[in-house]
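Undergrad: Checked TrEMBL, it gives:
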- 26-189: domain 'GAIN-B' (DOMAIN)
- 197-434: domain 'G-protein coupled receptors family 2 profile 2' (DOMAIN)
- 200-221: transmembrane segment (TRANSMEM)
- 233-255: transmembrane segment (TRANSMEM)
- 267-291: transmembrane segment (TRANSMEM)
- 303-324: transmembrane segment (TRANSMEM)
- 354-373: transmembrane segment (TRANSMEM)
- 394-420: transmembrane segment (TRANSMEM)
Amino acid sequence: MGQLNPSLPCPLVQDVKRGVGGRLRHAMNFPVELMEGIKTRGMEQKLVCIYIHSPSSLAKQHAHHATPLPLRCLRRAGCPGDPGLSLQAPHLLQDVHNNSVLNDNVLGAFLQSGHVAGLSRPVEIQFWHDMDSSNATCVFWQPGASKCVGSPGSWSREGCETTHREGTVICHCNHLTYFAVLLVPAGTLSPTQLTSLTHISTIGCSLSAAATLCTLLLCCFSRQRLRDSTTKIHMHLLAALLLLNCSFLLSTPLATGPEWLCRVTAALLHASLLCTLAWMAAEAFHLLLLLVKVYNVYIQHYLLKLCLFSWGLPTLAVVAVFVFKRDTYGYHTIHTTEGYKSPSARCWLTSPPAYSATLCYAGFILLFNMLVLGRVVMILRSIQRQKGQARKDWATVLGLTCLLGTTWGLAFFGFGIFLVPQLYLFTILNSLQGHNTSRYPDARVKGCEGSSGAAP
């Protein structure tokens with residue numbers, strides 16, 4: 001860590017409620033290197049130490065405490081070395097969802113003469129606490145770092161190291177600025193992981209969009225393949241997947257545009273997701289009729305009813321939400337272990353109830369599809385097959401797994417140690433769903449149909 005000058009600490013707050021003499025709650029120790037550099041200049045310097053505490057926001061209340069030091073540890077007075085933190089910034093102690101700063105405490109230090117950075121021996125900052133800090137990380141305030149419009153800056157941990165002791169979080173940073181300890185939510189991705197997942201999803205969705213578009217164009221020019229319901233349902237699913245992939249790819253670049261455009265994009269993405277899930281359920285229902293029906297069941301306007309269920313109902317629900325509660329859609333930010341907003345926003349749901357309702361909707365559909373897939377497996381195992389037929393049947397099961405979207409069920413395993421592997425599996429498998437579904441034509445379904453009868 002490097003040698004610290006024990007004669008030049010900056011104790012900012014003492015806890016007078018904890019027995020005789022009190023207990024040191026927050027403190028900063030400065031390296032000898034900093035002090036020697038000041039002395040060599042042959043001029044008097046002012047070392048400014050700041051303590052800020054706000055239980056809600058800095059706009060409502062803040063307090064500065066300072067302790068006299070040999071170099072005059074003063075209160076903030078607009079010095080040239082001030083790193084530019086605005087005490088009126090309403091969201092300084094808050095991220096998008098909650099107050100993430102440990103105990104809402106911020107410590108600051110700088111020299112009046114100018115900016116100090118790149119110290120070979122770090123400054124030591126101690127934060128006292130009486131709570132679980134296993135997910136805490138040391139950060140500093142970086143003015144103008146946030147790409148969000150109107151934001152004065154953001155928190156960063158670059159140049160800071162975190163050490164945990166009983167009742168204390170110790171930060172070692174190589175510069176002078178404002179410091180805090182952020183409580184990173186459990187299961188938060190690192191910036192590297194988020195970047196890799198973004199690249200995987202972008203590549204996968206681009207391949208899926210290209211594959212589904214080519215398949216749809218080929219089927220449109222081949223009119224004979226669109227005569228039966230099985231192929232038509234499959235084409236509707238591919239169209240929904242194409243819309244989903246395109247809207248997902250557009251959700252990131254359009255997040256930098258006007259708010260109304262981002263909301264429209266988010267609504268389109270939500271609608272395409274609901275329609276895709278609905279067409280997966282339609283595929284499962286159609287397959288179930290092919291497999292288990294005893295008599296030749298005829299359903300009048302069969303495809304029209306499936307279209308009303310799979311296209312009409314999801315679209316109607318999204319339009320109703322967009323009209324009556326438009327703020328459900330907008331800018332969605334992803335948090336990383338850096339403790340602040342990721343550089344890129346996305347147009348998506350901003351309402352937790354809407355997100356929960358979407359998750360429940362997907363859960364019911366995936367449960368139905370998995371039950372149908374289980375029934376298919378049972379039927380395939382019960383049928384007497386010729387030698388070598390089992391391999392073909394299991395290939396059919398794999399094709400139906402992509403067709404029915406059962407891999408989307410991985411979304412319900414994003415917790416604990418499963419989070420990172422689940423995210424990578426979910427991203428790889430489902431971003432390529434359109435590509436895989438295009439490679440598995442309706443012959444897989446007709447293979448099951450051949451053992452049960454004709455389509456409705």
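Cβ atoms are placed via backbone N, Cα and C, with glycine included.
Automated prediction, rather than curation, is the source of TrEMBL annotations.
Tell me what's around each of these sites.
TA: On the 0 to 100 pLDDT scale, the domain 'GAIN-B' (26-189) averages 67 in this prediction.
Note on the transmembrane segment (233-255): residues 201-202, 205-206, 208-209, 212-213, 215-216, 219, 226, 261-262, 265-266, 268-269, 272-273, 275-276, 278-280, 282-283, 286, 303, 306-307, 310-311, 331, 344-348, 403, 433-434, 437-438, 441-442, 445 of its chain, located 6 or more positions outside it, place their CB under 8 angstroms from a CB of the stretch.
Long-range contacts of the transmembrane segment (394-420) within the same chain, counting only residues at least 6 positions beyond its ends with a Cβ under 8 Å from a Cβ of the stretch, are 187, 189, 193, 234, 237, 276-277, 280, 283-284, 287, 359, 362-363, 366, 369-370, 372-373, 376-377, 380, 426, 429-430, 433, 436-437, 440, 444-445, 447-448.
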Undergrad: Would you kindly list the residues that approach the transmembrane segment (267-291) from elsewhere in its chain, counting only those six or more residues past its ends and only Cβ-Cβ distances under 8 Å?
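TA: That would be 229-230, 233-234, 236-237, 240-241, 243-244, 247-248, 251, 297, 306, 309-311, 313-315, 317-319, 321-322, 329, 347-349, 358, 361-362, 365-366, 368-369, 372-373, 375-376, 379, 400, 403-405, 408, 445, 448-449, 451-453, 455-456.
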